[in-house]
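Undergrad: What follows is a structure written as structure tokens; I'll ask about it next.
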Amino acid sequence: MQKCFNNLKVEEYKKETIIQREREDSIDIRCTEFPDFSEEFHQIVKAGWLEKTPPKGGKIYQRRWVQLDSEYIRYFQSVKEVYSKRMVSLGSVDKVVSVGDLRFELHNQSRTFLFRAESTQERNDWVCCLEKILSDRKNSLEPRNLFFKNGSVNSIFEGYLEMLSPRNKVYTLISRDKLFLFRSHEEYFQGVGITDIDMRMASVRDGENKRSFTLTTPYRTFSFVVNSESEKVKWCELLNECVSRSLSCDGVCESIWRVPANRFCADCNSSMPEWASINLCVLLCEKCAGVHRSLGQNVSKVRSLKLDERVWTDDLIRVFLLLGNGKANQFWGANIPPSESLCVNANSEQRLQHITAKYKDGKYRKYHILFGQQEALNKALCSAVQFADLLETLSLLNCGADINCHTGIPQFPSPLSLAKHSGQTVQAELLMQNLNSETFTPVVKDVSIRSHSGNLFKTASSARPITDHKSKADFSQRWCCLGDGMFSYFKNEQSHNKCGGMKISEIICFSVNSPGKHGYEHTFELFSEEGRVYLFGTDDGSIAKNWIRAIAMAVLPPALFDVCGNCDRLGRLRCTEGSNGIGWFCLSGFKLQVLLKDNVQTIDLRKLLTLTLCDSSGSMVLVWRGGPLHLLADRRPHFVGWQTYIQQKSGAGDQPLSQQQLSDLGVPVTIDRCLDYVTCYGLLSSGIYRKSGINSHVTKLQERFQSDARSVTWCESEYSVDDVANTLKRFLREVKDGVFNGQENNNSWLRAAGLEDRSEKIHRYQILLSNLPDVNRETLRVLIHHLVCVQHLSEENQMTLRNLGIVFGPTLFQTDGTDATASQVVEELIQNYCSIFNVSESDLQRQLNMTSDVLNKHKSQKSLSRTPSSTICAVYLEKKEEGAAVLVQVPADMTVFKLVSVVLEQKGIQKANEEFWSCYEILEKEDMERTLHYQERVLPLYFSLSCHCHLLIKRNHYILGIMRYLENKVNLCKDGPLRVCELKSESSRNFHLRHCELSGKTFRLYKELQGSQCEREYPAKELKIYHGCRSKLHPPTPWGLMLIHDKQQWYLCCENEDELTEWTATFYSIQV
Ligand SMILES: [Zn+2]
């Protein structure tokens, strides 16, 4: 049952338009497209981010965008999603209650939903809104408790449908103008749904086979399969009725006027406009329509909503619903001065003047950022038409993009054919209305390949990873076949005797080599379950591409089909979090798509919080903001490749900015950490960035950042602000290609500085900025923002605009400083920060005031630093009780000491004199505990806990005894007899008296009590020490210690408590 709909996964398409920013990972139901409008159709009462309890067993809260209207509470993966992950009918909700500090629960008859707000105020707001709606509902006469008896939905048809990719049954219900999806029939009765689809935006089409069909909306495509052809016909018929009912039951006018902005003339604002310009996408009153007509068909194509019925196809109506006057005027009328705006009573001359200026002369339009760059405009158009943003297309078309430009794709040469191919029928409609003559290109259907065959070249299989170069002579030609669950190869096409092959289910990994690695240009490797590697190759790129796609489709579970064809490596790995211990992985570039249980998640490897390779076992732990991921070591050859790839793609210090380890904001970690430090401690420091630090410190710090930036923390405070400031400068000066991305771009920026006209220059900077890769642009933004802060405090730190220019010009442009233009550019970027980076002056001013306030009061500067990567961890206080966990936001660099003080503070506990609190790792099953070192970092530790472990904070009674013992000690060593039991197997549980010794840095175990023969020797630092003793072992005394080294476990029993204290004290002090 867990295999449910919320795991529907659609690939996140990256928009190619350069102003579009890259988004975070994609998870679950999400649209391929993001709408600009969202609230036009729902009356949203409240919306905001909340954290929701994770599905069964998870520790980490999930951040969700939650929306409340009078009927439903829904939550979404992000603000931009159209389709919720869950919707709960408020008719089924019995009550809402506040629980714990920031949380509240929603109870319905079948289950409880727990949410957590960011503040008490916010939580109370939610509870208040919900209570208001619930009581309003109670007071109305409508029956409660059933999803569909609340008056909002009438079921017209319902039943199970099978959803494709991944295959999941969904209970589906057609209502008047919406389609509702549920995980099951049962949940439908419980009032808990997945999402609803507004059918006004949808179209229904035949699928790839006789029993399948698709429902396409501008945001994503849903594919369904049913049991029989007749059933399909029935569904399609009813869905089509639903579409037309939703669109046209009111007539064209009513339909279009449902969007509020469409109820007024786009030009003169008179109400209920019954005319439209179908290419300019605006609704017009009769008078304005007359003026439009006089401009000619080539400027404005005027049609009546009432008279020209046949023009109004469903798609054209959708254009006006999605775009309409509201959006279209954001473009056409962005800059209308009040003195030139048109009023309802305007005379015909005023109308003609205004409308001509507005549409024909383009006087008020908002010029596209690419205006004037023909090639970039065309490229942007080709990209835009594949997605839902109609305003972008309208803007491009009217700012010079060529509607007939060549897309560069032979099958879909024009933007129109590309839009159709991408399923963007509304985009296609918009293009069509703006096109005079259009040559139709048949849309080639993308045939999904289940079977495939052809000649490839193959080397002999190997039991080891193939690291050496294979020349063409090492390969021999084979006829290869994929089908019927097998991958087989034959001597030639005619041969019936198989040379070899494997079941597809036995392929555990498939890896595409970079071109030219071997004698054949394109090669890929298959790894079998048995641990053998098969290398295949061809010189023909398109043959290789088809094979890669076919094999990927055959090997991968359907949930990952979307990534087929463009990934470098895929396969399954043993991993703790996966279902039955198996997870599926696809790596393309920096992106690792992961299918665990039934969730597809995308991890940007550059943004990992930590990456740990356990040397001894070979396993890997990846910690990202979604939690930890443990890949278990595997001795078969495919695993080494995964290790290498993941490590390579997780960012490296000697690469350009975009290939460095990145922060959550997408800025190199090195820059992020240095800026944080200087912001916290250096803004008031005189001559910051100008004074040099201690060279050896800077070099050391630089090396640490270069080898693993993520691991650098500041807790030791061994560096001065000048050391850190200079490390930052050195990084910027030396990083490959620099911030401006290469010499050629450096020159463009420097040339722009020479422009005479100020606004032209700013505009040029904006264009250059938008052309930078995401990481470079973001880096430049945070850097300049930082310099604006530094300059703002120049009375204190003496770093005036000019000084900053002198320092950062040569640094950012990586020049020797002889050319003053570099400094000029930096000065101008700082000076014009708001207009170039599109930041509002008032926002900036607020931030700057806050900065000065905080600094002036010499308060903790914590609030200034951007939130570092962190995770919410659950710890217990004094005793573990269900539901009593304390949730703490744990940043990557939080120490155990800090954790203890945060928890005590959160719980309002004052430390008494001579009282010590520590954090313990508790092994529940063994009834043992380990005191954690106060300097240890919490996050890696937390993620390495196994499932029967937890963190507990409590008073430490031993510590006084330990301190007293250590006070008078000069020479730290201890030896003496202990009762020892080595836990080899369940059977060996005998304790023997042996001589033990702890001296220097070593712990020694002797064979006997008197013997001089040392049996075991361990570095004390590598031992983990637990207090307690398993009662199962029948320990001879209650004062036990357990030592763990790798897989070996030793139990030691002392004679009395003092002895236990002494041994513990000695261990601790040696381990520090
Ligand atoms: Zn008008």
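Glycine residues also receive a Cβ, built from the backbone N, Cα and C atoms like all the rest.
Residues or ranges marked as domain 'PH' in TrEMBL: 43-135, 154-244, 449-556. The domain 'Arf-GAP' annotation in TrEMBL covers 250-376. Annotation source TrEMBL lists domain 'Rho-GAP' at 660-837. Annotated domain 'Ras-associating' per TrEMBL: 869-958, in sequence order.
In the displayed structure, how are the listed features positioned relative to their neighbours?
TA: Here the domain 'PH' (43-135) returns a mean pLDDT of 84 for the predicted model.
The residues of the domain 'Ras-associating' (869-958), classed with DSSP into helix (H, G, I), strand (E, B) and coil, number 19 helix, 34 strand, 37 coil.
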Undergrad: Do we see three or more Cβ pairs under 8 Å linking the domain 'PH' (43-135) and the domain 'Ras-associating' (869-958), pairs being at least 6 apart in sequence?
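TA: They do touch: at least three Cβ pairs between the two stretches lie under 8 Å.
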Undergrad: Do you know the DSSP helix, strand and coil residue counts for the domain 'PH' (154-244)?
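TA: Per DSSP, the residues of the domain 'PH' (154-244) fall into 25 helix, 39 strand, 27 coil.
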